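Beneath this line is the structure, given in structure tokens, with notes to follow.
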Amino acid sequence: MDLNQMTTKTQEAIMSAQSLAVSHHHQEVDTVHLLFTLLEEQDGLAVRIFQKMNVDIEALKQGVENLIKKKPSVTGSGAEAGKLYITGALQQLLVRAGKEAEKLQDDYISVEHVLLAFTEEKGDISQLFTRFHITKDNLLQSLMTVRGNQRVTSQNPEATYEALEKYGRDLVAEVKAGKIDPVIGRDSEIRRVIRILSRKTKNNPVLIGEPGVGKTAIVEGLAQRIVKKDVPEGLKDRTIFALDMSALVAGAKFRGEFEERLQAVLNEIKKSEGRILLFIDELHTIVGAGKTEGAMDAGNMLKPMLARGELHCIGATTLDEYRKYIEKDPALERRFQQVLAEEPTVEDTISILRGLKERFEIYHGVNIHDRAIVAASVLSDRYISDRFLPDKAIDLVDEACATIRTEIDSMPTELDEVTRRIMQLEIEEAALGKEKDFGSQERLKTLQRELSDLKEVASSMRAKWEKEKEDIHKVRDLREHLERLRRELEEAEGNYDLNRAAELRHGKIPAIEKELKEAEEMGANNKQENRLLREEVSEEEIADIVSRWTGIPVAKLVEGEREKLLRLEQILSERVIGQEEAVSLVSDAVLRARAGIKDPNRPIGSFIFLGPTGVGKTELAKTLAQSLFDSEEQMIRIDMSEYMEKHAVSRLIGAPPGYVGYEEGGQLTEAVRRKPYSVILLDEIEKAHPEVFNILLQMLDDGRITDSQGRTVDFKNTVIIMTSNIGSAHLLDGLEEDGSIKEESRELVMGQLRGHFRPEFLNRVDEIILFKPLTTNEIKGIVDKIVKELQGRLADRHITVKLTEAAKEFVVEAGFDPMYGARPLKRYVQRQVETKLARELIAGTITDNSHVVVDVENNELVVHVK
């Protein structure tokens, strides 16, 4: 018995049989041990052959195990350590297996030869095989269906048996089983694929398109047409086999094993004489797949068959990967014919979603409104810019359905609140039960009354919830049943089983449809009452998912947000004092955007704020971010003084290829990709190099920038604010009596601005807003604001701070300089008021819950504690 004449799997089985004998304390390895180890391997050849013969594997295994238990076991001092004998029966079996291999003209003894040898066994195994109707003839018959007319010429032949079933899936069979969603549209692409497949040579289409546009769906559409026989004569009765490259490569430990597996797949396809169409999704994976030193990759193995037309192959890959992998190998590229899969339009996407609607409704057990489908297509196209239709729209609908489904399966909020309240009262009841005083007993009686009422409410709500859930599940089950019957009808019509088709079409299907209609009508009538569960997916759910994905508020305005937006101007004016024009223009731009009437291809608003230092330019941007997003952190702030050199522009959009930092992306583009709805503040723009502004032209006009990686970054949902001190000298000198800016000063400032920036840049900005220098009255308002902020910092200690009118006048007089704006005032309050308060706090003069008044005495600020 030469182990080298056996295949790897046979050797492994003999080794396992030895281990099994040792574990049972047997002195010898017998045929039953070997048979048991062959049946133990779930994916093994023996199991596959017996399954083809409809043998109950578990029962057979149990029978063999009983035979093993009958064998004598030796333990203790009588057992010879480390010695194990092979019985004569096992040796005879392996000799017979060798003869079977010779009969089949095989070079190695494989598992199937051992099985054939088992059929000639006498004794217990023979009786067991008879009980399960296992004979040599039907074993040979099953073996031929698994192995075909292949010979065993290597030590691992099992890998090449049933190669197609093992390394991929049959799309046509999946369509027949109803596992593939319907494909809507894409007729021109499917027709082009059919035309290429009908050619004599180079009949290999490759579908190229962006990720998510439906390349795989086109092939699934072709499979559906083949099932419906809606294809030319040459493609009828064909099958599409989707190759799984990862399954081919996985577990190929030895050199040549991968090539052996692939060759087995190709041979089976070749033998089918064009009946099998090979589909390789992610076609670029064949370039370099299985390539090791001195070995061939999958691409090179496919080339000869592709060129001769022996292999009908459909590939699918993205544009980038086609360019990166396939185009670099011209010999491979010329064997494929390109079919470009374009992104469908919004209208086409709506049609696709309408076709998939029923599938989603059945799977999730919900109802999808048509408005939700339209909203998913329109909103995904408008707001999710880095992905492609129809994939992103389908994802939106799927997630919205899943949201409603989880709500149906979870306890309703109203019932949850009542249940928690009951639990809380029960804990209180247990605590009060231990108390003996009159007050506690009275409270206990009141509590018990409330508890019994709540329990009654909870039980009725729970019953209502269970009933609603039951109704929803009933509708879902009926829909699933109807779907199954329709699939059976298609199958019956395809097989010309007219009796079954008539029974389904005129009997079962109408009955289920009627029952479903009644159940849905009952559900619709119940909706008039106060329902705990909702099963509708409307456009609100879709808008909510879009907002969750992108951070852009597209959901309908709730009452609180409505009021907030209408009061936006007032909110901004409270923090930015004395700049009514600027506040009004900015809040109007935001209102237009939230009302949905802004130009969808431009940013929400783009502004240049001009004015002297310290008048509220940067403060307005911060306030806007705070008002819109409840956080100043949502503001993307870029100090343009860092962009004084010409080459610094690459920091905004990312370094070009070949430079350090290319992979990292740009400071501006990456920030906006992560937060598409934000306020962008470009501070001190006149400090930047003029070349930097060329990059901003597209951002201001079309609301987009292409970064160094070639990705388009969407700025359509941003507010762009640029601040500058240009012309501040003219603004300081040119004020009217009422504090407004003189017309000639305005002209001088605009002239200076035009001299510094190019016309094409200024022409793209929505508004150029001049901030006027602050007057004394406005400065008093700013003093109040600074004191209010100080008050906020002391609020947790309940200390109030108040400045008398005289103190305010004194602070304004001493701390305000028109040239420097409000900043020196803040520093003055910090130095003169906050420092004095800090001294008193540390000294202990000011304690918690104190009232502090700041006044002026002898031309100096003093602190009084009350």
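The backbone N, Cα and C atoms fix where each Cβ goes, and this holds for glycine too.
What Swiss-Prot annotates here:
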DOMAIN    3-149  domain 'Clp R'
REGION    6-71  region 'Repeat 1'
REGION    86-149  region 'Repeat 2'
REGION    162-343  region 'NBD1'
BINDING   G209, E210, P211, G212, V213, G214, K215, T216  ATP 1 binding site
REGION    344-551  region 'Linker'
COILED    394-528  coiled coil
REGION    561-773  region 'NBD2'
REGION    774-866  region 'C-terminal'
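Other residues of the chain with a Cβ within 8 Å of the Cβ centroid of G209, E210, P211, G212, V213, G214, K215, T216, the ATP 1 site, are A217, T318, A341, E343, F388, D391. Listed binding-site residues: G209, P211, G212, G214. The one with the lowest count of other Cβ atoms within 10 Å of its Cβ is P211. Under 8 Å, Cβ to Cβ, and six or more positions away along its own chain, E210 (ATP 1 binding site) finds T318, L319, E343, F388. With DSSP states grouped into helix (H, G, I), strand (E, B) and coil, the region 'Repeat 2' (86-149) comes out at 44 helix, 2 strand, 18 coil. The candidate set comprises the binding-site residues V213, K215, T216. Of these, K215 has the most other Cβ atoms within 10 Å.
According to DSSP, the region 'C-terminal' (774-866) comprises 54 helix, 17 strand, 22 coil.
When pLDDT values are averaged over the region 'Repeat 1' (6-71), the model yields 79.
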